[in-house]
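Asks: Found this in Swiss-Prot, in case it helps:
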type	residues	note
BINDING	CYS148, CYS151, CYS205, CYS208	Zn(2+) 1 binding site
BINDING	CYS165, CYS168, CYS191, CYS194	Zn(2+) 2 binding site
DOMAIN	5-69	domain 'J'
REPEAT	148-155	repeat 'CXXCXGXG motif'
REPEAT	165-172	repeat 'CXXCXGXG motif'
REPEAT	191-198	repeat 'CXXCXGXG motif'
REPEAT	205-212	repeat 'CXXCXGXG motif'
ZN_FING	135-217	zinc finger
Amino acid sequence: MNNTEFYDRLGVSKDASQDEIKKAYRRMSKKYHPDINKETGAEEKYKEVQEAYETLSDTQKRAAYDQYGAAGANGGFGGFDGGGFGGFDGGGFGGFEDIFSSFFGGGGMRNPNAPRQGDDLQYRVNLSFEEAIFGAEKEVSYNRESSCHTCSGSGAKPGTSPVTCQKCHGSGVINVDTQTPLGTMRRQVTCDVCQGSGQEIKEKCPTCHGTGHEKKTHKVSVKIPAGVETGQQIRLTGQGEAGFNGGPYGDLFVIINVLPSQQFERNGSTIYYTLKISFVQAALGDTIDIPTVHGAVEMSIPAGTQTGKTFRLRGKGAPKLRGGGQGDQHVTVNIVTPTKLNDAQKEALHAFAEASGDKMVHPKKKGFFDKVKDALDVD
């Protein structure tokens, strides 16, 4: 995958601003949404758009993607600030102390017997437009590595216990001598018998076969705050995969994906709505019920309103996640020109044009009564 494919999916350039990326995402997401687009391949396109936006809307992931491609955005390279997915600890490459300790058995090597936290997981949850505005509580179900229910995570057959590894004597590491041009180099490596645990399992658990873990379907309730947007994450501590050597469970990161609305668009706490009105309503003015996520609101359209005029409904937008308060709804007017007119409507518009002093390039054709008047020479 080249380093511009995600930009191509959204139809933006590589130097696009976050606002341009967000607008492009809303447009492409609505175009390919399975509930709207029934064409073959639309659902796959929709997923590709989601994947691209998840990366490009995050400044750190975007920087990694621009430099390394998709592998960098997914945490495949070091240098990120921890808390990534798949159990990476933020330091993708070790320091010099790790290099020297690997050759000389120095004290910089991590203790393989130490308790280690389990891997983090991620789960994408879809929210309706309204759920994102008002908040929701969702039950999510996913598979994770859990502590084995038969052996309680020991890996040993019930009634037996692990014993100290005879090869590493419980240290979890062994010394290996290597011949080099500089002489014999000694380095420490993880014990190949106990895999660093320091213990041997003579009789393995029949359920987990000695791993201490088993795949289970796990359910958890997620409280989603009002005002969330696509790409935001909710961290559930201890809901990831089981730890090692008695370590704690990892975390679950719930990634928000807000489905598009049929009538509204949103940017932050501001909601946008396009109001279609007739020429008569625009010219004479009217009072119209405007839909909002909070219910219909009566709004006055002043006489002489032009296409593109925007009105603001204060407090009818989305909640502000930071700082509190409520956003606004912007209502943009779109005057609809009729495409089919009957004779009476045409007569009325011609009369209006004459009264307004408008010169028609193609004057109206005379009607039946006009022809009768001409024949009788009646004014």
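From the backbone N, Cα and C atoms, a Cβ is placed for every residue, glycine too.
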Asks: Which one of these stretches, 148-155, 165-172, 191-198, has the most C-beta pairs shorter than 8 Å to the repeat 'CXXCXGXG motif' (205-212)?
Replies: 148-155
Asks: Before we move on, state whether the repeat 'CXXCXGXG motif' (165-172) and the repeat 'CXXCXGXG motif' (191-198) share at least 3 Cβ pairs under 8 Å, counting only pairs 6 or more apart in sequence.
Replies: yes
Asks: What's the CA to CA span in angstrom from CYS168 (Zn(2+) 2 binding site) over to CYS205 (Zn(2+) 1 binding site)?
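Replies: With distance taken Cα to Cα, CYS205 (Zn(2+) 1 binding site) is 22 Å from CYS168 (Zn(2+) 2 binding site).
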Asks: Let me spell it out: take the repeat 'CXXCXGXG motif' (148-155), skip the flanking residues so only those 6+ beyond its ends count, and list any with a Cβ under 8 Å from a Cβ in it.
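Replies: Beyond its ends, the repeat 'CXXCXGXG motif' (148-155) has Cβ neighbours at 161-162, 201, 204-208, 210-214, 242, 246.
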Asks: CB neighbours of CYS191 (Zn(2+) 2 binding site) within 10 A?
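Replies: Total other Cβ atoms inside 10 Å, all chains included: 21.
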Asks: Most Cβ neighbours within 10 Å: which of the binding-site residues CYS148, CYS165, CYS194, CYS208 is it?
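Replies: That would be CYS194, with the most Cβ atoms nearby.
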Asks: Just to be sure I understand the packing, how many Cβ atoms besides its own are within 10 Å of the Cβ of CYS151 (Zn(2+) 1 binding site)?
Replies: 23
Asks: Between the binding-site residues CYS165, CYS191, CYS194, which lies closest to CYS205 (Zn(2+) 1 binding site), Cα to Cα?
Replies: CYS194
Asks: Around CYS168 (Zn(2+) 2 binding site), how many other C-beta atoms are within 10 angstroms of its C-beta?
Replies: 24
Asks: Using C-alpha atoms, which one of the binding-site residues CYS165, CYS191, CYS194 comes nearest to CYS148 (Zn(2+) 1 binding site)?
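Replies: Looking at Cα distances from CYS148 (Zn(2+) 1 binding site), the smallest one goes to CYS194.
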Asks: What's the CA-CA gap between CYS194 (Zn(2+) 2 binding site) and CYS151 (Zn(2+) 1 binding site) in angstrom, rounded?
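Replies: Here the two Cα atoms are 18 Å apart.
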Asks: What is the number of residues in the zinc finger (135-217) that are helix, strand and coil, as DSSP sees it?
Replies: 0 helix, 39 strand, 44 coil
